[in-house]
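S.K.: According to Swiss-Prot, the record shows the following:
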ACT_SITE  Lys150  active site, proton acceptor
ACT_SITE  His269  active site, proton acceptor
BINDING   Asn98, Thr148, Lys152, Arg270, His302, Ser354  substrate binding site
BINDING   Lys176, Asp178, Glu179  Mg(2+) binding site
MOD_RES   Lys176  N6-carboxylysine
SITE      Lys309  site 'Transition state stabilizer'
Amino acid sequence: TPEYQTKDTDILAAFRVTPQPGVPPEEAGAAVAAESSTGTWTTVWTDGLTSLDRYKGRCYDIEPLPGEESQFIAYVAYPLDLFEEGSVTNLFTSIVGNVFGFKALRALRLEDLRIPPAYSKTFQGPPHGIQVERDKLNKYGRPLLGCTIKPKLGLSAKNYGRAVYECLRGGLDFTKDDENVNSQPFMRWRDRFVFCAEAIYKAQAETGEIKGHYLNATAGTCEEMMKRAIFARELGVPIIMHDYLTGGFTANTSLAHYCRDNGLLLHIHRAMHAVIDRQKIHGMHFRVLAKALRMSGGDHIHAGTVVGKLEGERDITLGFVDLLRDDFIEKDRSRGIYFTQDWVSMPGVLPVASGGIHVWHMPALTEIFGDDSVLQFGGGTLGHPWGNAPGAVANRVALEACVQARNEGRDLAREGNE
C-alpha cells in the first residue's frame, strides 16, 4: 500500500528482502508485512470480526539496492496496538517470529527498526545510564577501562580473585567475568562472587578509586539468576553482568528492573549475536539488537571494536554506538541508520569495545569512541610480559596520555602511537 502515510506511533521496520526467482518485489514485501502482523495463508471468516485496516502491517515503500538486482529494501509499518507494552520479547516474536522461514523468500534481514516514543516510553530502559554511572563511580572525562579475566575457564575462585585484584590495583576500573563463566564444577558462582568482592574492596582501599567486577549472573533459570543478583547486592559490589541473547529478553528485563531498584549497574554481553547478525542477507543487523537492549535495559553493551576492520565498518559501528548513547539520532543511510530515532529521555548505554585490542590501539580507540565508552583489554592486559598489574598500569597510562593529548588539542588520528 504505497499510499499509506506512516503515523508517529507506528513501529517502522526496514527489511532487506531477497525473494525467490520469479516472485515480484511488491508481492514479497506485502507477504512480509502480512505474515508478521495479522495475515494468515488464507482468508478466514473471523477476519470480518475485526477491523483489519486498523491492525494490519503495511509495506509502504520498496527501494531497489544499487548493485544488487536480486535484493531490495522493503519498509513496513506496524500499528502500535499489535505489540504488548514493555515487552521486547513480544516485539521480536511479532516482527521476526515466523516470517524468516517464508517460502516466497530466499533470505530476509531486518536492517533497522524505528521505535516510536509512544512505545519506548513503556520500557524502563537502562537501569542507570551513562550519567548516573559516572556519578556512582566518580569517574569523568575519560573512557572507562576494563579487562576480561583469562583463562576464561579453569581457574579456582581464589586464583580468579587474585587476578581481579592485580588488574584493579594496577589501574583498571573494571574486570569482567567471561560470558561463559556461570557456575562450573571448578568454580561455583558463590565462591567466585566472594573472592571477587574481596579483591574489589582491597583494590579500592589501596587506590582510593571505585572499582568493579562484572559478576556474571546468567544462569539456567530466571530464579537462579535473581538469586545471584541478590547475593551480589548483599556483598555490596557495584555491577553485575548478563548475557542478554542467550539469557533471553524476558530474563534480561527482569534483571534490569532489579538492578535499578537496588542500585546495581548492569553490564551486558552479546554472546550469540553473530548467529543472528553475521550474514549480510539474512537475520537481523546488530543495530536492531542494540536498540532492543536499550529498551530491555543494560548500562554497558559490547559493540565491536572498529580497529583493524574496514573503514566502511567504522561508520556503521559508530551509527549503532550513537543509537546506544544519544537521545536523538538522525536518519543517515551512510551509517546504516534507516530511520530517525528519538529516544526522548531514555538513559543511554555505554558501548564496550572488546576483543583483540591492546595498548597500541589506544589512540585510535579514544579518537573513535570518545569519552563515553568502556575499553576492554583481556589478553591486552594479562598478556603483559611482566604480569597483570603492569599490564593494567600500561593500559591506564596509555589512556591518560591519549586523553591528555586530546585535551591539549593534539590530533590522535594523525599522531598515532607516538
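Glycine too: its Cβ is placed from the backbone N, Cα and C atoms.
Just tell me what is around each of these and how deep it sits.
M.R.: Around Lys150 (active site, proton acceptor), taking its Cβ as the centre, 16 other Cβ atoms fall within 10 Å, counting all chains.
Taken residue by residue with DSSP, His269 (active site, proton acceptor) is part of a strand.
All chains included, 14 other C-beta atoms sit within 10 angstroms of the C-beta of Lys152 (substrate binding site).
In the three-state DSSP classification, Lys176 (Mg(2+) binding site) falls within a strand.
Counting only same-chain residues at least 6 apart in sequence, those with a Cβ under 8 Å from the Cβ of Lys176 (Mg(2+) binding site) are Gly146, Cys147, Thr148, Ile149, His213, Tyr214, Met241, His267, Gln376.
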S.K.: Round to a whole number and give the Cα-to-Cα distance in Å for the pair Asp178 (Mg(2+) binding site) and Lys152 (substrate binding site).
M.R.: 6
S.K.: List nothing but the one residue from Asn98, Thr148, Ser354 whose Cβ has the fewest other Cβ atoms within 10 Å; the candidates are the binding-site residues.
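M.R.: With the binding-site residues Asn98, Thr148, Ser354, fewest surrounding Cβ atoms within 10 Å: Asn98.
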S.K.: What residue among the binding-site residues Asp178, Glu179 has the most other CB atoms lying within 10 A of its CB?
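M.R.: Answer by Cβ density within 10 Å: Glu179.
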S.K.: Quick check for the class: what is the C-alpha distance, in angstrom and rounded, between His269 (active site, proton acceptor) and His302 (substrate binding site)?
M.R.: 6
S.K.: Determine, using Cα-Cα distances only, which of these recorded positions is closest to Glu179 (Mg(2+) binding site): Asn98, Lys150, Arg270.
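M.R.: So, of the listed recorded positions, the one sitting closest to Glu179 (Mg(2+) binding site) is Arg270.
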S.K.: Quick check: which same-chain residues outside Lys176, Asp178, Glu179 lie with their CB within 8 A of the centre of the Mg(2+) site CB atoms?
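M.R.: So the extra residues in range turn out to be Thr148, Ile149, Lys152, Asp177, Asn180, Val181, Tyr214, Asn216, Met241, His269.
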